[in-house]
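Visitor: My questions will all concern the structure given below.
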Amino acid sequence: MAALQRLQPVRRVAVSGGTHGNEMSGIYLVKHWLREPSALQRDSFSATPFLTNPLAIERCVRYVGRDLNRTFTKQFLNSKAARDEPYEVQRAREINHLYGPKGSAEAFDFLFELHNTTANVGACLIASAQDNLLPMHMCHFIQTHCTPGYYPILLYNLPDQETYSISSVAKHGLAFELGPQPQGVLRADLFTQMGALMACALDFIDLFNKGTTFPAFEMEAYRFIGSVDYPRHPDGELCAAVHSKLQDKDFLPLRPGDPIFQTFSGEEILYQGHTTIYPVFINEAAYYEKKIAFNKTEKCSLSIPALQRE
Amino acid sequence: MTSCSVVLEAPVRRVAIFGGTHGNELSGVFLVKHWQKNGAEIQRSGLQVTPFITNPRAVKKCTRYIDCDLNRVFDPDNLGRKVMEDIPYEVRKAQEINNLFGPKGSDVAYDLIFDLHNTTSNMGGTLILENSRNDFIIQMFHYIKVKLILNKLLHIYFYMLLKDCIPVQGLNYTDSWAKHPVGVEVGPQPQGVLRADILDKMRKIIKHGLDFIYLSFLGEEFPPCTIEVYRIIEKVDYPRNKNDEIIAIIHPCLQDQDWQPLNKGDPIFLTCDGETIAYEGDSTVYPTFVNEAAYYEKKQAFMKTVKLKLTHALSPAS
Ligand SMILES: [Zn+2]
Ligand SMILES: [Zn+2]
């Protein structure tokens, strides 16, 4: 059994909404908190809300020049300003300056990302990898303390892959991904749920800062292992839709031989893999251009050691 | 004294099916593209059925429109504009469509146009009727509905536009200049997403619609029928602050409740602070297009409709 781990208290916390400008829950929550910041205040700290991609929000599009949430890598963060660069590259440097620099001691302690998806993922908690203990304990706290709901945990980083999302700018981070919600639509149920998640996560940080010991635990998580594209015609056009038996079945087992697509002529296409996987982000609107019909994950059990502040 | 004269019209023979009038409504986009590659299922002998992508650039970008909403520019002013470099893409496109399938109001215009749309609202399959006196379409709606019920497939809802009493101008939709314009609106489906179940519903509506046109073309007579329709009476905007920002969301009790009765005192909005705003009208209305993504910019949270019945006593082929 791993020994109790100790981490520095968490003082500087930021909450980002509108990293994708058509994901409305986070945009409207952050706008609300900018007017009424008391909901983000706790005894030991106050979280700073900010809108990540104002130009995309104004136009109600995912991004203007390129996907901002794939832009927090060394290549872009260390680039020199250029006249013809995408708006998001400039914005990523700005955010890195304000809440980073990424990987430095001056970086914010914690950064939350608020997202929506058109896929039926429930209230998904996305962390980069299990070795970052603070977010893992936060996920566990949410699962055990937040209003009853489905809170699957997704670990998105492949081994040895550079992190690229906005929360990677801070020392610790976590993304809330709520769905299904269409782009450009604000649903009250998801808005309320995201607010409740945020409140619960901030309560956790406050308890941590006050010296609470969080015991070791076992947890189940889904680890990203790859993605599957749509079947296409030679000219690149889709020739099939996600099968109605797979649609909305995020985080449920997909076995070899199960149907995954149906062509417009009515044929079924079956899953050809050799092992059971757990598909997520099934039929996400923003992933058509990324050539992703769904992501593949494997289910794993994690042992997380106990945690207390230094 | 009034005399009732039945005008004998030529049968409906030339039919167009429009997809991608809004480029991010994917059911129509993919059905039309599929039928352009393989159109056997929409062909009926003696009829001319033409599938057509109306806004190809918006389809390519997967966005509702490029410069302006194509579905709002089919008015005489826009159709008459001189083609110059700087006219909006959709106005140029509208002129092109008018040349191919119109011209609006002329004898050579297509007889019937299906214009395929999706909505993020929970509207099921909706057929949009622009004219309460169009007996052919009333019969067609009735035929489709009976077929769908027989096949236990879906509930089909109907509504009419408010402007149906105002003659001619005012109706500037993509299909409005055909003799028989039929909007097909199926939801809920997010923009930029293609759902197999929604695609299937739309496909069946078109199949039965074409079957009806074919039977009429062959001279089949249809008995008198009555259909239930919803007439739009008013659009309702979101509550906003002084800066025009939305300050309340569709209430969970109204979300997804398209076509369900809304009575005085029922919740309609929830403010960001958690306060409920109730419906204050005195009469029961039936909301539709509840929380449609594309209508935020049109300042429309939902539409109020009233329910009424339309009766058609004569067979269209008589
Ligand atoms: Zn996002
Ligand atoms: Zn549309």
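Quick reminder: no glycine exception, Cβ is built from N, Cα and C everywhere.
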Visitor: B:H22, B:E25 bind Zn(2+) according to TrEMBL; which of B:H34, B:H117 goes with them?
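Guide: For the Zn(2+) site that includes B:H22, B:E25, TrEMBL also lists B:H117.
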Visitor: Fill in the CA-CA distance, B:H117 (Zn(2+) binding site) to B:E185 (active site, proton donor/acceptor), as an integer in Å.
Guide: 5
Visitor: Give, as a single whole number between 0 and 100, the mean pLDDT over the domain 'Succinylglutamate desuccinylase/Aspartoacylase catalytic' (B:12-213).
Guide: 85
Visitor: DSSP helix, strand and coil counts for the domain 'AstE/AspA barrel-sandwich hybrid' (B:226-305)?
Guide: 3 helix, 33 strand, 44 coil
Visitor: By a simple count of other Cβ atoms within 10 Å, which of B:E25, B:E185, the recorded positions in the record, is least packed?
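Guide: With the recorded positions B:E25, B:E185, fewest surrounding Cβ atoms within 10 Å: B:E185.
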Visitor: Quick one: which residues besides B:H22, B:E25, B:H117 have a Cβ within 8 Å of the Zn(2+) site's Cβ centroid, in sequence order?
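Guide: Close Cβ neighbours, site residues excluded: B:G20, B:T21, B:G23, B:N24, B:G28, B:R64, B:L116, B:N118, B:T119, B:E185.
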Visitor: Given the recorded positions B:H22, B:E25, B:H117, B:E185, return the subset with CB under 6 A from an atom of ligand 2, ordered by sequence, or none if empty.
Guide: B:H22, B:E25, B:H117
Visitor: On a simple 10 Å Cβ count over all chains shown, which one of the binding-site residues B:H22, B:H117 is most densely packed?
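Guide: Ranked by Cβ atoms within 10 Å, first place goes to B:H22.
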Visitor: Distance check, please: Cα of B:E185 (active site, proton donor/acceptor) against Cα of B:E25 (Zn(2+) binding site), rounded to an integer number of angstrom.
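Guide: That separation, Cα to Cα, works out to 10 Å.
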